[in-house]
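Step one of this worksheet: look at the structure below.
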Amino acid sequence: MRVCCDILLRITIGIGAVLIIAGVLVACQFSVLINAIIDRMIALRPGSKTFGWWAKPPVEPRISLYVYNVTNADDFLSNGSRAIVDEVGPYVYSETWEKVNIVEHDNGTLSYNLRKIYKFREDLSAGPEDDVVIVPNIPMLSATSQSKHAARFLRLAMASIMDILKIKPFVQVSVGQLLWGYEDPLLKLAKDVVPKEQKLPYEEFGLLYGKNGTSSDRVTVFTGTDNINHYGIIDKFNGRTHLPHWTTDECNRLSGTDGSIFPPHITKDRVLEVYDKDLCRLLPLVFEQEVMTSNEVPGYRFTPPEWVFADVDSHPDNMCYCPAGKPSCSPNGLFNVSLCQYDSPIMLSFPHFYLADDSLRTQVDGISPPQKEQHQFYFDVQPKMGTTLSVRARIQINLAVSQVFDIKQVANFPDIIFPILWFEEGIDSLPDEVTDLMRFAETIPPKIRVILILVLCVLGVILLLLSTFCLIRNSHRQSTLHLEGSNYLATAQVDMNKKQNKDNNPNNGRY
């Protein structure tokens, strides 16, 4: 019986020790287990819920556009007055995004085309799409600026053609035409006379021309099933792993995401990267602050660093974006995307020239000083799952005009960075179904971890204490029994000795 009790005590001690060790392991390794579960859950597997959200996001993105309407075009050209612009807008469009023609590959990637459908929201806009604005004639000014270093007779010929076609440096168009396209005389002429292999892939001019529908661009991304660190990262864009425009492989990289998802377990020191064809490069994003959504999902805000569009004197690493050497580098706060826009001298900046030299803003009248709250570009990201919570992608489109004296139509048009419009595209929030999952992943596992640690460690300590108490008690009982037994034996030995002495002495007790 005593042997069985000793065995049970030893088993109890072993169980207590195992529970305490399990509590320590939970404290150290529970987050690793949870991360593995999250990684398994979010990887892009056809048929899964997260795959469905990725392929057809359950959100309604919007794009709001603000046009710089030129109010003194004639004075600007005739009298050399400073251009005056009036910012009109917003003109708001809701968007529907869907990834179509999805094909799964054996190497852990998926290929797709993106379908974007825009729908005008007059109820959210400052006016109808028919509102008329006066803006620089981008096709004409692009052509004249490109001809600045051409032979003089070509510039004179261009001036004659523009005179015949009655092309002017400013055009009066509706907002809808500016965005979605209008027939331009120069483009029409180019269609008729330019060799087929050199023709532009569009017949009308519009800043969003051809974007309302399914894109022909084929995008291949990593699913994260083989390596979660590559989750959502672009593998190829139209078959390319790098852009062909810039001077180094690093600046030509395409290995960012589309901005809807990022590799999970994001830390504050990580640099996120987004690729968009119209940006003509990867856009880095760095941590700015912690944020909390309206439905209590914590997130990190990432924004472009201040040096992203800095000049090479301020940030020498941007030299790789000057393929023709330092003279071709953009001024501070601008990024030249002409190589992605058929050599049109388009310059991107943040709205109102935010983070740019203020001299760019004051080249024209009517643009108020930039404000961070209204003009900053940012992504709010849920760090555990890498899902974008909200976005404000704010970009301004500018035209870099070069003065060309031999073309009389633009002889008085000075060298200037002329703002055309700016927009913000993004989402305000995600559906409850998505945020509930995020909130669960963010809040419940830490609570389970604490509970498991407490339960395991407390049970282990209790079992060890009980076992120790029982061992001490049994040891004390055995000592008492041993002592009593020893006394009994001693007494018995004395009695036996007395009896032997009595038997050995026959005269004992006689007189």
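Using the three backbone atoms N, Cα and C, a Cβ is placed for every residue, glycine included.
TrEMBL labels come from automatic prediction, so no person has curated them.
A quick note: this is a predicted structure, and the numbers were derived from the prediction, not measured.
Taken from TrEMBL, the feature transmembrane segment covers 7-38 (among others).
Sequence-distant contacts of Cys320 (disulfide bond), defined as residues of its own chain at least six apart whose C-beta falls under 8 angstroms from its C-beta, comprise Trp246, Thr247, Thr248, Glu250, Cys251. Annotation comment: TrEMBL describes Cys251-Cys320 (among others) as disulfide bond.
The annotation disulfide bond is assigned in TrEMBL to Cys280-Cys340 (among others).
Of all Cβ atoms in the protein chains displayed, 17 besides its own lie within 10 Å of the Cβ of Cys322 (disulfide bond). Look at TrEMBL and you will find Cys322-Cys329 (among others) tagged as disulfide bond.
Annotation source TrEMBL lists transmembrane segment at 450-472 (among others).
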Once the chains shown are all counted, how many other Cβ atoms turn up within 10 Å of the Cβ of Cys329 (disulfide bond)? 18
Here the Cα-Cα span from Cys340 (disulfide bond) to Cys322 (disulfide bond), rounded to a whole number of angstrom, reaches 14
Return the residues near Cys280 (disulfide bond) by Cβ distance under 8 Å, restricted to its own chain and a separation of at least 6 in sequence. Leu243, His245, Phe335, Val337, Leu339, Cys340, Gln341
